[in-house]
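Sequence annotations record features per position, and here TrEMBL assigns transmembrane segment to D:32-53, D:65-86, D:106-126, D:138-157, D:177-198, D:230-248, D:286-303.
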Ligand SMILES: Nc1ncnc2c1ncn2[C@@H]1O[C@H](COP(=O)(O)OP(=O)(O)OP(=O)(O)O)[C@@H](O)[C@H]1O
Ligand SMILES: Nc1ncnc2c1ncn2[C@@H]1O[C@H](COP(=O)(O)OP(=O)(O)OP(=O)(O)O)[C@@H](O)[C@H]1O
Ligand SMILES: [Mg+2]
Ligand SMILES: [Mg+2]
């Protein structure tokens, strides 16, 4: 396990933010090196410096095999043997899966023209190693978040680099894909490839990592072989304070009053018999937290998109016992539904706007009884949420593009919670959120439920679903496969229902 | 010979401006009197190529006669020759393409009209002082001929200094801005030539404002074309004279001559000069177009 | 290495950093830079000709670019939503024609004005419906309206300007003064203030920015993005209609060619003032400054007696230089 | 209910679904639809006038729109990268002028032609550098070149068209025939095939689409997006230069106003043919079909003796209807 890359005294300052402060990191070949830290600790920033996307402040050094080097850009980094899966997906949506994987290194025929056949064939091979059932000629725009994430992984692996950086690769994946990924990582390690692995799922660190480096507020706290750390040590080093029990004791607040009643919900498309999601019936009670579980692509998101008016559907939706017509998200919102979408970049945030503007977009009326927006009230409320959710930002005027992934996710949650809808749908709500904040989000959901809100939680993180839900609905191939009361739900029974 | 009602005559102006609307009136009336079919095809811009396309379309349609006011003489030469060769009678009016082999040209000489304009100005300002030209589209051939005529006339008056020539894209709003800037940049300006249709109205409007009102007595203005606003400018004393060509006459003569050529009654054609009238306060009510 | 104006870029480099001082509190860095470019141009022209910095000339210049500036207010809102309105010039011309037709048929002044405004609003509505209901791309929808509007003008006028008699009070709109300031300039300033406040301080303004910044995210947050877009096109049409009335009142002649090609000037004003055609970015003040820059250069080249044939090339070059400086400054600051 | 052209939308609905048959293997649905619209227009015109469907007329029409079509090939590539090139009309005019100047100074034909092409390439390079190095927004950069190009023409010609004598062989480019087909049409077809293949079958083509689809992602994957953009602007300039040479050869007169306003026609052709100004979407064949649609309508109006004052309004309306049908069809299919 030879030392390949070293970072020494690396710092990075953004206007108003010191993201990294003299960080050291050593990456060895044939080793899985986990990087842990709270949201905004500087993990992604460090990786972007390693791949030439950012330039570090003067004073820091990067050495490859002992030689100092200046990494110019992503292409240069790749030439040096470093490839990365970014935390935020970066796919060209109008190109196909194969074209994305082979972008900028397309196989050519002797004539100089593209060798599409070969490209598709090789892409299919890469996809097969990840057990992905996606045609290489599918436009990426048609894939779900999880599928796109897998394509990113496939692409990074296919570069045959010496080091592969994975920035929260499993955030959008369900257990099944995560397991496949772990297998791949082991295989890569065996081939002598070094992996830098960033995740907020601590179990994964213990499952796969050989070594862990912990960042806090932009500084290295420690770097240890995995054998020397326990979960408690790790968490303490990350957050520097006592954490309440991760999954607090569950209290059920569900009443018998039906809040949302869905009957025969079916995707409306020209060829109805081919509709992927069909005949969904379920009820949500006031004060209930209803979990939705399923494998990637099972159709959970599509169900919620129909309820929220993003997709045309047939069937009936009743709220508070009255049937409602929902054609547009604004209709759903008017009927008291809120939706924390899984794709924060594409659907959740206006990246160019600041924290305050994104926060208030769902409930601007609250600050503008007439035409004008009361900026003081808006800022004050936003500050409250920034504080209570621990959103790390220099001010409410910071543009959200400049925030770390986890902090962006918290804003998406905040903007809906602040509206206090009757029904809150959260799709992968803790995607990219650190362990401390995750507990806070769970506590928040419980609190909202106790106040009488009905909450639907979609999560691919099975322990999370089990921890927060009063009831769990399992979706398989676009239908409800089974519904579990909390008492009957266990990892095994649910997995069984999702896969069998 | 064909029946009159089967004969199709097409007339192509340069572009949609009042002058050609008068031509249309003259030509349409003549066509009605003569009982022939009549088509008025207005190009959407002043580029030579646009007229070439229209000529091609008309050849495809096999019309019998075409009268055209040419935007750019050279570019239509080949296509007019082709039309003539395929048996279509072609003549030019208002603006000529001498080498195109067209049967005849009906109109005025823009150069001569410009010269008349220059002479009139020289007389009005007693042969000395600063003058400026306000034109329309910078590339327009007829306007350039008028400007050349003016310069030729002014060459005889060493004390007259042409201080500026400004384009306006034939846009009234731009013309007004340009006029204002001219008056400010050249406080001693004695005369303005409005060689395109916006020249007269724009200067009249500027001189009617409080700010430039005092210049009404010191600045002499000559313009082209009898737009209502230009005529009004003469009435109100802002404009000293308008060069008026005879568009209605041109339209009428074009149709008449084409018909005669089609019917074979006119075998040799000679150019027709329709002349220019200088319209001023004295003859404002009694000139023919 | 880094691209302008793509949201992804912004991840790498913030473009609007705060700068001290009062003015900057009001204007973003981007506008400040164009303003600097404008002041440099003004200084250069003033040095080369004594006629420039006179109240009369300045007021004249302001009045000259006021029509473009007024229309650029509607345009910048459209552009911020990520759209474009190519029909403004055409709508301005048609509105001035409709007003003139009103006077020609002897209708009362108020009715004629309403007619002009209604024309603008109708075209805006037409654009908006094509874009939000039929879902045509804005470029094609408004290009269609441009052709239809201009075609209607030719059909109505046959190329002959309409110059009906009008009451003196009507002429005040385009030709009158409030103190030393021409009425069109007053209208421009009033509109600037009103729409600047609308864009900065109201819910509607926020929704316009959100729609252009990320339409999907805005819609999922409950913003009726279709309605927002419909509204900005209607506003743009209405404002172009207003410009048409001011134009007719100023020249008392409805020209068939009036407003021809103005769309490019209007879009350029917004773009020079910092609006990004990708949407989400831009400001009303910026657009006005952009219109002023172009207008002042046009005045300067005539005052400085630059050869008329060279004027267009010089105008183009000066604008390129001005905006390049602006881009260069905000880059070196933001980096 | 769902927005067009935003990548986020595409998540919800695939826009290009495959359709059976041979043609569709070559053309995407979007182009097929515009082609249908085109055929309907052709059918309507053929029924109303016997002069339309004659070889002479058809070849004439093809030749008429060939210049716009040729330039639309360069434009569509620029648009696919997410840019725009407003300077094409101006560059075409200037190139035709430079060619004419060459003949006037008695240079050999080959040199004159090279001069015209070089002019186009130089302007393209200028645009590309402004956009990729100085990072001006494409709209402003190419608007500046438009002004500079047109200004240069006025400075050189003083508004007088240049009509030098040219050897007969040169006139063949614009006026000659290959069999029954005019040479400009042959050039158009050859260019269409070449660039269609380039866009579909080469790495460069992929990179053009990738740059427009997500510039940041493309760059991070190793696409030299700056170079791609520089290249498409240079190509667009070069192609406009070629159009200028064809134009001069056809009319043997280099007019100062030549190409004036052509940019809107060229952009419209690309947009009607399915290119999205947001980038990432479009095709060469689509642009040619778009140019044909506008060209055929103009011809039909003259042949059918429709009031020419109404031509513009009719063209606008027909294009709106055609594209609406197209959008409506691809929506009902894709949903
Ligand atoms: N472009 C930027 N401009 C300003 N601040 C930035 C920028 N990028 C990152 N930051 C700040 O730097 C800090 C570190 O961010 P980074 O994205 O590295 O965190 P992270 O450890 O990856 O967090 P997460 O777990 O949420 O992904 C954060 O406070 C963030 O707000
Ligand atoms: N625009 C689209 N066109 C075609 N198929 C789509 C489209 N969007 C999603 N799908 C497919 O629909 C299926 C359901 O996707 P959805 O996002 O609803 O699943 P999910 O259960 O939420 O899973 P996850 O989000 O974990 O991937 C997936 O197989 C996905 O590939
Ligand atoms: Mg991160
Ligand atoms: Mg999902």
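From the backbone N, Cα and C atoms, a Cβ is placed for every residue, glycine too.
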Problem - Of D:65-86, D:138-157, D:177-198, D:230-248, D:286-303, whichever stretch has the most CB pairs under 8 A to the transmembrane segment (D:32-53) - result: D:286-303
Completion exercise
For the transmembrane segment (D:106-126), the candidate among D:65-86, D:138-157, D:177-198, D:230-248 having the most Cβ pairs under 8 Å is D:230-248
Practice task
For the transmembrane segment (D:177-198), name the stretch out of D:65-86, D:138-157, D:286-303 with the most CB-CB pairs under 8 Å.
Solution key: D:65-86
Handout entry: Long-range environment of the transmembrane segment (D:286-303) - Cβ separation under 8 angstroms, sequence gap at least 6
Key = 27-28, 30-31, 34-35, 37-38, 41-42, 44-45, 48-49, 51-52, 57, 60-62, 64-65, 68-69, 72-73, 75-76, 188, 192, 265-266, 268-275, 310-311, 314-315, 318-319, 322
Handout entry: Residues from the same chain, set at least six apart from the ends of the transmembrane segment (D:230-248), whose C-beta lies under 8 A from its own
Key = 66-67, 70-71, 73-75, 77-78, 80-81, 83, 85, 87-89, 91-100, 113, 116-129, 131-132, 173-174, 184, 187, 191, 204, 208, 254, 258-259
